[in-house]
Amino acid sequence: MDYYYDDYYDEYYDHPDQAAARLFHRDLSIEETIKNCVHPSLRFATQYITNFIAINLLFSVLVLIVRKLFPTAQRSLHLLSCVCGAALVYRVIDHGFYHFLQLAVSLYAVQWTLHRWLTGTGRYIKTPFIVIAYGIGNLLVSELLEPSPETWNRIRGTQMILLMKALSLAFDTDDNHSLRSQLTVLSYSGYILCPANIVLGPWISFNDYLTIWKPPAGIEPKQCRSSSGRRMLIHVFRIVTSALMAVGFLLTSNCMIDYLLAPINSWKWVRAYGRALSFRTSHYFIGYLSQCSMMAAAADWHRAEDERSIMLPVSSLYRITSPMAVEFPRSLVQVVTAWNIPMHLWLKRYIFRTTKRPFGTGTAIALTYIISSLLHGLHYRLWITLLTIGSWTFVEHEVRKKLATIYSACVLVGKCPSSCTVHQHKSNSVFCTVINMLFFALNIFNLIYLGCIFESSEGPPDEVQQDKSMFGPWTELNYASHWLLVFAYLFYFVI
């Protein structure tokens, strides 16, 4: 349930000239579309992406140089991270620095106080949960006190990444005294300000951040030198490919969807499909840009195992989103997992697993939904959307589980192996194909319905408007998915 949050980032690239371009009349020719939309978007994308690539490549090179000259001076990593991260924030975010600063400083102060005074005591509430309560409370109060919604919209994603880092740090250092001993003001600052993910994410753990300094093991120096040229070319290819993918999704979101759907946009479901697809492709833009940023900052790009995949290193740190899994979903569970992979892992590791043992599965799922929603701030549309997604995910899982049991068929949420011995009807049978295709169509329908409420061109959501305008796209579609959800829930009890 780590969903729709990337409309926050659209303020980064939705400049006035681009916003005007996206609102152009749908009868523009291809030449006018290129002139009024593609060119402004390309100019901005070039400037914006260059900041990420240049600063992170500089960070990577400096880490390699300093690590070679001073192999034991790990504090150099933190200093470089602080300087490069601050430079990137200064280049791409022009408002709201004080929100970031006060949240980062206060979260460290809270953790330091709790570690100093509560360590070893028989406390009923663990330190990380106190940090969660404080961090989310600080985030919500800051949003309420910020007079400019536009300013908050520019830093919302950065604040969320900062909070996720600090909360994971609270969990990781709660019982790991060895890791806690490495946590100083300088190392904390370097982790929080790491240029690879300070602005757009993704979240990485404190341990993952520290491995930037460690040289790759298992590679002989001569072997490393002999193949370093090839590996460098692969590394550059990956960075360029990710950047081009990001630009492609940005142009698709800003320009091409409107142009291609213009002849048939009089039908409300086509308009809803266009809005939802524009939103999803804007998310893919952010995902591939953050992937590009992470790879540009990878000081250990020459690891031998990275050659197994030319598009992405083996490490899951670099895989942010999977458009194919989202656009062609077997189930909504697959969409939830593939939408934002690092955030899904964060919620699973630190919220769901931590609360499942003491409170049970049901409570753990509810708490995961609540934390996921609150991390995004006061975004009521998103809260309702996440609740709808969670409800659909549960109903789909239970219905398919019942159908698989009754008919002994491979129609579960997860795909059965080709040599499945549990079910009589295999995945390639006619019955299973029909059932799975019906759920595929249902999930495509839900992607349209749930995504159309977010428009990447609308800027920050105006949550003070009446519910009718807030959920206008759903009203236009007669709340079809919600009625279908009720029917599916009743069907679950009937079968």
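Each residue, glycine too, has its Cβ placed from N, Cα and C.
Within the set 184-204, 331-351, the record from Swiss-Prot flags 184-204 under the feature transmembrane segment. Across 46-66, 232-252, 358-378, stretch 46-66 shows the highest tally of CB pairs under 8 A with the transmembrane segment (184-204). Stretch with the most C-beta contacts under 8 angstroms to the transmembrane segment (46-66), considering only 92-112, 434-454, 475-495: 92-112. Packing against the transmembrane segment (92-112) from elsewhere in the chain are residues 12, 48, 51-52, 127, 130-131, 134-135, 138-139, 142, 146, 148, 151-152, 154-155, 158-159, 162-163, 166, 169-170, 173, 185, 188-189, 192, 199: each is 6 or more residues past its ends and has a CB under 8 Å from a CB in it. Over all protein chains present, the Cβ of His376 (active site) has 20 other Cβ atoms lying within 10 Å. Residues of the same chain lying 6 or more positions beyond the ends of the transmembrane segment (403-422) and with a Cβ under 8 Å from any Cβ of it are 330-331, 333-334, 396-397, 429, 431-432, 435-436, 439, 495.
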